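> Pasting a structure below so you can have a look.
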Amino acid sequence: MKSEHEGSVESGSGPELLDGLVSLDKDSQLQRGLKSRHIQFLALGGAIGTGLFVGSGGILAIVGPLPLWLGYLSQMFVVWCVMNAIAEMTTYLPMRGITLPYFTNRYVDGSLAFAAGWNYWYAYAILVAAEASAGAILLDYWKTPVHPAVWITIILVVCLALNIIAVEVFGEAEFWFASIKLITILGLIIMGIVIMAGGAPNNEAIGFGTWNNPGAIKPYVATGSWGNFLAYWTAFVRAGFSFITSPELIGLAAGETVAPRRNIPKAARRFLYRLALFYGVSSLILGCLVRSDHPRLLSPESNANASPWVIGIQEAGIGGLNHVINAAILTSAWSAGNAFLYSGSRILYSLAATGQAPHIFTKTTRRGVPYAAVLGTWSLGLLAYLNVSENGATVFTWFMNISTISGFIAWIVVLITYLRFRSALKFQGLLDTLPFKTIGQPYLSWFVLVLVSLLTLTNGFQTFVIKTSDGGFDYKNFLAAYITIPAFVLLYVGHKITHRSPLAKPLADIDVVTGKKEMDEWCESDVKPVPKNWVQRIWFWIA
């Protein structure tokens, strides 16, 4: 049973729109402001946030250095598979206005798309509030006389300005935000290697000494092999926060990207290598610089004092760099909030364009920026002011937990959508028309789908084992771990009952053709830039 707008092309005085949402008009396809370097650094900027700088220390304190490293490596594999699925779909139809819930509606089911769209939106919107709160806490590290509410206001207003002016301004700002973070992390990695080799002022070559004392693994919940495995699984789950929604950023930006069939695959291929450098290498070094039983790792303060980088540098006798690291963490929080506001606004615009949110959120500026959706998403970010209250830290933690599980659910929907998309192409004999193909499909997507489902269901397993201080059930952490699941189910079931639609569209009814011809013709005009010298050759390889 097809929806009212499915497959329909609206025309008239405005640009030609498919399903009332995505543009097939050739002139509108030229209004793309995001270049290759923008989308590559956009995805990395979203992936590199406070999770890498601070959250990694919390994992280290709970399970030790080896599970920390393996947890990040495992999560990188999951993100790579999700990124490949998104890149294949968006490269096939890189139309202006596309979002991942649009693909879900087109290839799977309207009810699943409805639930996924709202799940994405509130995850992104809450992350805006969370990153603004984190930024205010980080600024308070310098003990300025300025009230935290002022810092939150400055952060939110800057993010709003960067998102509402024009997409070119947003992309350029995110490129420089991410560049600062990447340069900082590279410097920290090099410095970490120097410290491990004995180049610090204390002249102590620590190497992998922390893996022997206090040990590589801290068994979690249980003892023996089972405790070791649960330590790894806990690190695997918690490492997910650092990567949540980062692969989707490329998919959301595809419709506003210059030469998408050249730049989207380019970004997808290089994403894993860059994650391996920044997360794989840095998590390995962190486990060597800081003992897992260091008392400051357990500090409840959400600032650079809890960063394992700060602890490792100060233990090595290096002074003064704590301010630099804190500034880098602040930049990462600001950058992530900027990217989350962009993504959430595009999701809300999509929901409104398809009649699943108030129509007012379809309003755009003359330059095509959905300002009403930006303001709507930004307004939920005002919850950051709860951080000023007595319970601000508790609210901040809940926001983080809810967003993490929302991200896992979103990945499940993405993989289901991709598998239906690929099955429809195969059923209709069009699989060979894919302009970008990744290895191991569809088997890797099936494997990761099962894996992420297990991560979602076992996210709060410790609440069933670890009791509170008075011996009771830890219901607060249980709710934080699982409340998003029934919320998503209620959205899906409610929409399904209301619209009385089948579980999923038959393969023969899935539209994988409309828009393909227009995109093929438009992408044929793309001329690949040719480097004129060795400097340009290096730059084209990087960006």
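We number each residue from 1, going along the chain as drawn.
Note that Cβ sites are derived from N, Cα and C of the backbone, with glycine treated the same way.
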> Any idea which of 217-241, 442-466 is down as transmembrane segment in TrEMBL?
442-466
> Name the residue range among 64-82, 368-386 that TrEMBL annotates as transmembrane segment.
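Per TrEMBL, the stretch marked transmembrane segment is 368-386.
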> Would you confirm whether the transmembrane segment (398-421) and the transmembrane segment (182-200) meet the contact rule of 3 or more C-beta pairs below 8 angstroms, pairs 6 or more apart in sequence?
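Contact absent: fewer than 3 Cβ pairs fall under 8 Å.
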> Within this structure, do the transmembrane segment (121-142) and the transmembrane segment (368-386) have 3 or more Cβ pairs under 8 angstroms, counting pairs 6 or more apart in sequence?
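Touching, yes - the transmembrane segment (368-386) and the transmembrane segment (121-142) meet the threshold of 3 or more Cβ pairs under 8 Å.
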> Is it the case that the transmembrane segment (182-200) and the transmembrane segment (121-142) have 3 or more CB pairs under 8 Å, with pairs at least 6 apart in sequence?
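Counting Cβ pairs under 8 Å, fewer than 3, so no.
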> Hey, which bits of the same chain come close to the transmembrane segment (271-290), Cβ under 8 Å, at least six residues off its ends?
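Contacts of the transmembrane segment (271-290) (Cβ under 8 Å, skipping residues fewer than 6 from its ends): 40, 43-44, 47-48, 52, 56-57, 60, 64-66, 68-69, 71-73, 76, 79-80, 83, 182, 185, 188-189, 192-193, 195-196, 206-211, 242-243, 247, 250, 297, 308-309, 311-313, 315-316.
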> Going along the chain, which residues at least six beyond the ends of the transmembrane segment (478-495) come within the CB cut-off of under 8 Å?
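Counting only partners 6 or more residues beyond its ends, the transmembrane segment (478-495) has Cβ contacts under 8 Å with 110-112, 114-115, 118-119, 397-398, 401-402, 405-406, 409, 456, 459-460, 463.
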> Average the per-residue pLDDT over the domain 'Amino acid permease/ SLC12A' (38-504) and send me the rounded value.
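Result for the domain 'Amino acid permease/ SLC12A' (38-504): average pLDDT 82.
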> Other than its close neighbours in sequence, what residues sit by the transmembrane segment (442-466), given a CB gap under 8 Å and a spacing of at least six beyond its ends?
77-78, 81-82, 84-85, 220-221, 230, 233-234, 236-237, 240, 404-405, 408-409, 411-412, 415-416, 418-419, 422-423, 473-475, 477-478, 480-482, 485
